[in-house]
C-alpha cells in the first residue's frame, strides 16, 4: 500500500490562465490582475507573519531583561529595592501574558499558512532554500547544587581559556577565539567573568576590570541572542559578531549602556565585599582585645567620663582618687568593674605615678584615698 499522502493536491489553486473567459473580456489583462492580486495577498500575509514574529522576539527580550533585573533585586534588602521588586514582578507578569498572546497568534498564523492552497508561485519555489537551525531540547530544571558543581567542574577545566578570552578586546579576535574554543560559549563562562570582574575591582585593578567587563557583556549578549532564538549559544555567536560589527547606532548604544550599567553593578558589589571584609577584620581585632569579663577595652574607655579617661591617659593615681571622691559611689564602682572586665585595669595590682603597667581596683583606690584623708 502506498504511504504517500496525495490529499495536499486537493488544495491546489488553478492557474490564472486556466479559466475560460468571455470573448469581449481582455483575457491577458484579467490574468495579470488575478496574479497581481494573489501576489499582494501573499505578501500581505507574509508581512503579517514577520510582524508577529518580530513582536514576539521583542517581548521575549524584554521578559529576559525583566527576569534578570528581578534576580538582582531579589538579593537586595533595602526598602527601595523591595518597592522596585514589586514593580518588576508586576512587569514580569504582564510580559509573560503578552508572550503567550503573541505565541498564540504565531501558531494561528502558521496554521493558516498550512491551510492556504498551493498555486503556480508556491509550487515553483525551491523547497530546500531555507536553512534549519536545531532548537535545543527542553531539559529539566537544575538544582542549585547541580549548578554549583557544574560551574566548579567547568572552571577547573577551562579557567585558563576563560581568562584569556576575558583579556581580548577586538571583535575579530574574540570571534576567532570562540571559533577555536566553542565550549566557552555558555553560562559558566559568563558567571566566571562576573566574579573575575568583582575580584579585580576589589584589588583596585580598575582598568583591567573594565576590560574583562567588556567581554562579559559580549558573552551575555550572545547568550541572550541564543535564548531569544531558542538555539544553542554555540550556534549563534558568529551571528552576534556579524551584527555588532555592522550595528546601527541604536544597537551599539544598547551594548554600551549595558556595559556601563554592568560596571556600576560590579563597583557596587566590590564595595559591599570590601565593607564586609573590613567589618570581619574589625570584629576579629575586637575579639582579640576582649578582657577577662568579655568587654572591649576600647569601648569601655570611650564610655568613661572625660575625667576618668584623663586619669588613664596620664596614669595619675592622685587624679583618679580625686575623680572618684567626687563621683557617686555606685556609679564609680560600676565604671571600675567594667574596666576590670575589659582588662583595662588589672585586679589586685598597684600602679605608681611613674607609669608602671599595673592598675588598682576600685576598692584599692578608695582605700588609699581614705588613708590619705586620715593622715
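Cβ atoms here come from the backbone N, Cα and C positions, even for glycine.
Summarising the annotation, TrEMBL assigns compositional bias 'Basic and acidic residues' to 79-108, 363-375. Under the heading domain 'Cdc37 N-terminal', TrEMBL lists 3-131. Taken from TrEMBL, the feature domain 'Cdc37 Hsp90 binding' applies to 124-285. TrEMBL lists 289-375 with the feature domain 'Cdc37 C-terminal'. Per TrEMBL, the feature region 'Disordered' maps to 73-108, 352-375.
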Please list the DSSP helix, strand and coil residue counts for the compositional bias 'Basic and acidic residues' (79-108).
30 helix, 0 strand, 0 coil
To what whole number does the mean pLDDT across the domain 'Cdc37 C-terminal' (289-375) round?
69
